[in-house]
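Engineer: Residues annotated as signal peptide in Swiss-Prot, with sequence analysis given as evidence: 1-21. Under the heading disulfide bond, Swiss-Prot lists 33-60, 40-54, 44-61.
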């Protein structure tokens, strides 16, 4: 792979939203993570607590019930 293609791939990957996208993201349901009442993301969004790794790159995140930061509120829900 040449350098230009590697750089393009790198920029596309870092521009992906971690956790919640523009219109929300419910995460991925993996059995080992759902047994702990959590879901998998590419990084825990605000208002979620990191528990473990789901596979190699996904993070198992559980919704915080207490002490949620103000950023955890979904701006699209009124």
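Backbone N, Cα and C define each Cβ position, glycine as well.
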Engineer: Fill in the CA-CA distance, residue 33 (disulfide bond) to residue 44 (disulfide bond), as an integer in Å.
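Structural biologist: Pair distance, Cα basis, whole Å: 13 Å.
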Engineer: Across all the protein chains here, work out how many other Cβ atoms are within 10 Å of the Cβ of residue 40 (disulfide bond).
Structural biologist: 22
Engineer: To the nearest whole angstrom, state the Cα distance for the pair residue 54 (disulfide bond) and residue 61 (disulfide bond).
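Structural biologist: About 9 Å separates the two Cα atoms.
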Engineer: Work out how many Å separate residue 40 (disulfide bond) and residue 60 (disulfide bond) at their Cα atoms, rounded off.
Structural biologist: 4
